[in-house]
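Annotation source TrEMBL lists Mg(2+) binding site at Glu81, Asp101, Ile103, Asp104.
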Amino acid sequence: MKPSGEDQAALAAGPWEECFQAAVQLALRAGQIIRKALTEEKRVSTKTSAADLVTETDHLVEDLIISELRERFPSHRFIAEEAAASGAKCVLTHSPTWIIDPIDGTCNFVHRFPTVAVSIGFAVRQEVRVWPRSPGPLPGLPLAILPFWLQPLCAWFAVCPVP
């Protein structure tokens, strides 16, 4: 039986296509939460210094991303900024691992400057996977989708709220 056009597209996209799609959808949901919270009062705490800030929205977004990914991919591991700052072990193994910064640019977020991103990286066998294509236009969404990578250390899929 010949695979359908949709099945052929998924095979061509590689074995991690489902992960890519999950990251896109979660980044969009998280971006909506951040966009709404930009104009609201924030409870701000510090982590390692006065310039290393964290808000309740950081925790909310990180918890959302991890819980949804854990439900969908129970064998995957996680390295997340706020969990690591709270003492969670931060170990990159050969297992599929999500690397999450829920609000990349928290200082900007605290000051209501909308240059922030939801950063979601994905590594397998200690190598970050870079998706070779954009998810395409998403009409009607007040978000800019920015696939980018910083070779060779990390790759991210970021969704930035647009004011």
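Glycine too: its Cβ is placed from the backbone N, Cα and C atoms.
Comparing the binding-site residues Glu81, Asp101, Asp104 by how many other C-beta atoms lie within 10 angstroms of each C-beta, the top residue is Asp101.
All protein chains considered, the CB of Ile103 (Mg(2+) binding site) has 29 other CB atoms within 10 Å.
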